[in-house]
Amino acid sequence: MLYKGDTLYLDWLEDGIAELVFDAPGSVNKLDTATVASLGEAIGVLEQQSDLKGLLLRSNKAAFIVGADITEFLSLFLVPEEQLSQWLHFANSVFNRLEDLPVPTIAAVNGYALGGGCECVLATDYRLATPDLRIGLPETKLGIMPGFGGSVRMPRMLGADSALEIIAAGKDVGADQALKIGLVDGVVKAEKLVEGAMAILRQAINGDLDWKAKRQPKLEPLKLSKIEAAMSFTIAKGMVAQTAGKHYPAPITAVKTIEAAARFGREEALNLENKSFVPLAHTNEARALVGIFLNDQYVKGKAKKLTKDVETPKQAAVLGTGIMGGGIAYQSAWKDVPVVMKDINDKSLTLGMTEAAKLLNKQLERGKIDGLKLAGVISTIHPTLDYAGFDRVDVVVEAVVENPKVKKAVLAETEQKVRPDTVLASNTSTIPISELANALERPENFCGMHFFNPVHRMPLVEIIRGEKSSDETIAKVVAWASKMGKTPIVVNDCPGFFVNRVLFPYFAGFSQLLRDGADFRKIDKVMEKQFGWPMGPAYLLDVVGIDTAHHAQAVMAAGFPQRMQKDYRDAIDALFNANRFGQKNGLGFWRYKEDSKGKPKKEEDAAVDDLLAEVSQPKRDFSEEEIIARMMIPMVNEVVRCLEEGIIATPAEADMALVYGLGFPPFHGGAFRWLDTLGSAKYLDMAQQYQHLGPLYEVPEGLRNKARHNEPYYPPVEPARPVGDLKTA
């Protein structure tokens, strides 16, 4: 044994050839700060071996290196800029020394090589991969950019266009694509990986392969003519501006850095990468996006822990087969859980099957599946007008009309047709689960399972625990939701549960702004362009359906009369009474016409202004700051109340529900992350300016206490140790 660290070791394989093996405790390898330091020590040992002829890098895990240890990021990002820059220089010196070894090097890459894992193998001369490879640089999705030389080596290896596509979008690619663009040199079966890598290494040692020529381009300026450079970088900057926008500085920073570094050799190019990385790491956007990643891991880990002792449902059923029911059936069948789809008439069944078939055909058109797979999936969806097959199902989700009497009747009838251990769930969006449970003989087998539309796109499923829902019931539906590829978050019961409960105060803030003379077009523009929502409140109401919102608003007002009962006729009332229901009938805040792809396209409609004039004061202008404050304060206050009341368990789950269920701007990280970034004291000062607007603007006492003590909702993060302690030399 030449060297043994906590996460890697170095040993001789055969005469003159050494292997460096990543083998961290636990299930995966991560390139954390300790591993970078250990890698530097191992390379130091290699540099002393006069008889070294070649080096093989490999992993003892199912994946090569899954990336950096993102749990370290928030503390690293708090390190002062100069110290963070020093540590990056040290880390890059390690990879440079790997790249500069006076012998050929090869990485045998299995499974994932992402982020720092990808940057590590870019420093070797050759890369041989297994068919299950996923390799790439996802850093821009975390609000940063590659910091271990990825923005320097990848463009010089692949050419600017291919590298920019991966780096700016934070993409990873599979084995075939990696081979095609030159990111790996070959793909072999897993059992042949080391043997194949050794064969390449021997050819390089024997002079049959020119490893020095392979290495040289990574040390030099990027080989691009002025015209080629102008075209590549101009197109890339345009694409990034269009897709990422101003709220996500990392992608455009990465492109500009690669452009600036193009004319330099490795050392100066790495300095430019360092100078770009460090300021990005200190942005609120990076903290928010890293926070989302960590919250996502936490939520998924919680679901995994919850379901460890239950069997995932093997057969499901859906009651009510409109667009929503068809979407749920498709998602279940697509993820290998056969589903019975029941309705009371053929027309609805046809609509549900058509929705499922449409979604499968889209997969076919995109080349994700072939005709055989399509036929196989569709054959596992069984439409029926009766309860045939219900005696075999493990879980049933009801998705009928949002009417408590209808839902109770359907659920009570279904309970008599299923096994005693079958779980029933309702896809209600607002009706309390404990109220629906009153119609059942086995309320312990019943809970809420709130999917979001469109089902195939929206990652969140709210799992609602009623007063009598058993732990096993909750675990079973969490297991089914996870199997469907969704992110389940368990909440406690109340009108609207969590997501709709906090959404309707936001809509109430919108209604009050319109009542006070604001223009809905400006509100939408501010909330989209400035705050960052995917759609403004008027457009969102049109998509949700004005009639749906009108009904849900009444349910919420009955549930929380002190805050959500309004004493005036608002814009939603006016549009509802005028039969303007949004996209579903082509008339809402906007008029809708189908574009060439059959999608609704919004257009101005002067008739709306006349309708709104009946329920509004004369038009007046509001500042962007006032619009954002008046829209967001009611939502954030309600989010805090939900945490204080135990409707949602943690700030992490609340923020993920908002991001995954409502499209809360990821660069803000969710309501609690936004609140922490703003500061509770500053938020309180802002909210108190608007408390005259009514109870929705009254800050909860718990938040007032946070403001008094200047406490955050997320646990404070300590800066990483001084860089000297991180072994920088």
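Note: Cβ is positioned from N, Cα and C throughout, glycine not excepted.
Residues or ranges marked as active site, for 3-hydroxyacyl-CoA dehydrogenase activity in Swiss-Prot: H450. Less than 8 angstroms from the CB of H450 (active site, for 3-hydroxyacyl-CoA dehydrogenase activity) sit N427, T428, S429, V461, E462, I463, I464, F497, V499, each of them six or more residues away in the same chain.
Here Swiss-Prot flags D296, N500, Y660 as substrate binding site, drawing on sequence analysis. Cβ contacts within 10 Å of D296 (substrate binding site), excluding its own Cβ and spanning all protein chains shown: 17. Under the DSSP three-state reduction, D296 (substrate binding site) is assigned to helix.
When Cβ atoms from all protein chains are considered, those within 10 Å of E402 (NAD(+) binding site) total 17, not counting its own. Per Swiss-Prot, the feature NAD(+) binding site maps to M324, D343, V400, V401, E402, K407, S429, N453.
Look at Swiss-Prot and you will find 1-189 tagged as region 'Enoyl-CoA hydratase/isomerase'.
For 311-729, the entry in Swiss-Prot reads region '3-hydroxyacyl-CoA dehydrogenase'.
Residues annotated as region 'Disordered' in Swiss-Prot: 708-729.
Using a 10 Å radius centred on the Cβ of E119 (site 'Important for catalytic activity') and all shown protein chains, the other Cβ atoms total 28. For E119 (among others), the entry in Swiss-Prot reads site 'Important for catalytic activity'.
Mapped onto three states, the DSSP output places E139 (site 'Important for catalytic activity') in helix. The feature site 'Important for catalytic activity' is assigned by Swiss-Prot to E139 (among others).
For N453 (NAD(+) binding site), the count of additional Cβ atoms within 10 Å of its Cβ stands at 15 [all protein chains shown]. A C-beta separation below 8 Å, combined with a sequence spacing of at least six in one chain, links D343 (NAD(+) binding site) to L319, G320, T321, G325, L349, G352, P383, L385. Nearest Cα neighbour of D296 (substrate binding site) among the listed recorded positions (E139, M324, V401): E139. On the backbone, the CA of K407 (NAD(+) binding site) and the CA of N500 (substrate binding site) stand 19 Å apart. Counting in whole angstrom, M324 (NAD(+) binding site) lies 17 from N500 (substrate binding site) by their C-alpha atoms.
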